[in-house]
Amino acid sequence: MKPPSGLEEAQRRQASDIRVFANSCTMHGLGHIFGPGGLTLRRGLWATAVLLSLAAFLYQVAERVRYYGEFHHKTTLDERESHQLTFPAVTLCNINPLRRSRLTPNDLHWAGTALLGLDPAEHAAYLRALGQPPAPPGFMPSPTFDMAQLYARAGHSLEDMLLDCRYRGQPCGPENFTVIFTRMGQCYTFNSGAQGAELLTTPKGGAGNGLEIMLDVQQEEYLPIWKDMEETPFEVGIRVQIHGQEEPPAIDQLGFGAAPGHQTFVSCQQQQLSFLPPPWGDCNTASVDPDFDPEPSDPLGSPSSSPPYSLIGCRLACESRYVARKCGCRMMHMPGNSPVCSPQQYKDCASPALDAMLRKDTCVCPNPCATTRYAKELSMVRIPSRASARYLARKYNRSETYITENVLVLDIFFEALNYEAVEQKAAYEVSELLGDIGGQMGLFIGASLLTILEILDYLCEVFQDRVLGYFWNRRSSQRRSGNTLLQEELNGHRTHVPHLSLGPRPPTAPSAVTKTLAASHRTCYLVTRL
């Protein structure tokens, strides 16, 4: 870098002068502090005011930065309209898990103690209570037993329960339902979207624009209560859960009941929930558990593609791994590759382990970043009326008493063709942080972004003057010192030149060599080397 000339150095020193900068800076108050003249009371007051304003500004900036670092969020609720809505999945389970007419002596041998609390000596009496003959002499139980096959064979069949089905006025049937295993046994899901089936939609709200089904709960197939056990059902009817297609049902925890002898109206409203990921929230699209790997819950079905992440699915996979580690098997409604637990494993290990785990709530499952829920309002009326009882009895070849005690109607529909959008949003964005800092800067010190650039420019001038100027001055001093030494050497040679004879000289040989030691416009000193 070329060292500055005298004029450039003077200009640079003027630019780095604090008084010059204070008079030209757009920051308020500096001109009153660093103006010409000595220290006065007025200048001291201005300095105090500027320092207090600067301290207040820095405090506000620190508070705003701290608040931004806490990553607060806000929740907004918006009512939105839609031309059509996807109809939810509807899962149905009969409260009675097994039909009495389908139980065999082999079933009681394997599952009687675990499921019904029966002692082996009570099997014959229980079979008589079921209206079935006792085990024949020489009865030999099967060497193995599969709980999933028991529920698939002895559970209530939808073909027998479903008396009538209509979706938006169009007939539907058992083929529109998908078999799924839950903790309540074999259940059925309408509009599940399984196997890539197209999801049903509705363009209208209100009754008659959704699913309407008539069911026979088959109360005569309910198992007799032999002993009071922990999960003994005393009610009659079905359990219903309305949920999104992306999550498996948890009907034993989230389902509501529908009783025979009533028509239950379920008015739904779709809620689309959107959560924020860290650091503003805790949502995730995958479980924080690295072992999370959702698999189909149908123990009799073939594996299919993994469903999207959901809170219920994550908990179900977590419970399955816990039971598999504790018992070496899994319950029939759980995903995984472990074998299904035997009835004795259900009683001695799986059910107690699962209940203990649910009490501790040890599964780490964050909320999904996007999910769909359905708010419900239930109302009901008694059926059948006196006018319709005889007609229904004749139509289904049943007595009027049977119709009253076993038949129910379930009507599920959207209240209106709109949905609620519940969204989490960052409560304090970067733009708001910059806006607050800019506002505080203008309020307290009368500065802006350009003022900061002015200060940076001044600091560059100071650096160039004080730091780089120091090295330039040092280099110039070294150069001047070198020139002084050279001049002294030349002066030394000049002092020896007068001892030479300046009178007439003998002629020199032509081969002589002369060297000029010093020259000027007046004289030239020569040293002759012979």
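Using N, Cα and C of the backbone, Cβ positions are placed for all residues, glycine too.
Worth saying up front: this structure is predicted, and the values here are computed from it rather than measured.
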Disulfide-linked residue for Cys318, taking Swiss-Prot as the record, within Cys283, Cys341, Cys349, Cys363: Cys363
Swiss-Prot annotation, disulfide partner of Cys93 among Cys187, Cys268, Cys283: Cys187
Of the candidates Cys165, Cys268, the one sharing a disulfide with Cys172 in Swiss-Prot: Cys165
Candidates Cys283, Cys314, Cys327, Cys329 - disulfide partner of Cys349 as recorded in Swiss-Prot: Cys327
Bond partner of Cys369 - disulfide, per Swiss-Prot - picked from Cys283, Cys314, Cys329, Cys341: Cys283
Cys172 (disulfide bond): tally of other CB atoms within 10 A of its CB: 19
Candidate disulfide-bonded residues Cys172, Cys187, Cys283, Cys327, Cys349, pick with smallest Cα gap to Cys365 (disulfide bond): Cys283
Between Cys283 (disulfide bond) and Cys187 (disulfide bond): CA-CA distance (Å): 30
By Cα-Cα distance, the member of recorded positions Cys314, Cys329, Cys341, Asn397 nearest Cys172 (disulfide bond): Asn397
Packing count at Cys318 (disulfide bond) (other Cβ atoms within 10 Å of its Cβ): 20
Candidates Asn176, Asn397: member of the glycosylation sites with the richest Cβ shell (10 Å): Asn176
Most crowded position, judged by CB atoms within 10 A, among Cys93, Cys329, Cys349 as disulfide-bonded residues: Cys93
Secondary structure at Cys172 (disulfide bond), reduced by DSSP to three states: coil
